[in-house]
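Pulled from Swiss-Prot:
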type	residues	note
BINDING	Asp10, Asp135	Mg(2+) 2 binding site
BINDING	Asp10, Glu48, Asp71	Mg(2+) 1 binding site
DOMAIN	1-143	domain 'RNase H type-1'
Amino acid sequence: MMNRIVIYTDGGCRCNTGIGGWGVWLKYGDYDKKLKGNEKKTTNNRMELTATIKALEEIKSNQIGIDLFTDSKYVITGINEWMKNWKVKNWETSKKRPVKNVDLWQRLDVLNKQHDVIWYWVKSHSNNKGNDIADELANLAMDKISLS
């Protein structure tokens, strides 16, 4: 059986300042890659979504399955439950309001269709090595922008 790519993502925001960061740890066999980035005016949910988008954009082949782990219930519930209805309702919520972060959700939708992704929720700060690494990368990205 072919190994699957394992991805851990995390996003965060120091919302009193609006500074946000995201982190990604990709692992495939002995290969691993770490990615991180930041934005000056953002939200926690946008950073969580951005982390998953950046991770999936990094995967060039659609021939290998992906196990994607995130501590964001917003991302997990959105991708597994809400998105189907949003698309039927032309990206409106059940209360007929525009979906927040629709630009990112639409990008994630395209990427999710291009890959065989199994989505997993992992509890944050629970000594999960992959989640801890992604969290550390997101915080390093926020620290970098805080110091500049």
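Along the chain as shown, residues are numbered 1 onward.
Glycine is no exception: its Cβ is also placed from the backbone N, Cα and C atoms.
Those residues of the chain, other than Asp10, Glu48, Asp71, with a C-beta within 8 angstroms of the mean position of the Mg(2+) 1 site C-beta atoms are Thr9, Gly11, Gly12, Met47, Ala51, Thr70, Ser72, Val75, Ser124, Asn131, Ala134, Asp135, Ala138.
In terms of DSSP helix, strand and coil, the domain 'RNase H type-1' (1-143) has 59 helix, 41 strand, 43 coil. Look at the Cβ of each of the binding-site residues Glu48, Asp71, Asp135 and count the other Cβ atoms within 10 Å; the largest number goes with Glu48.
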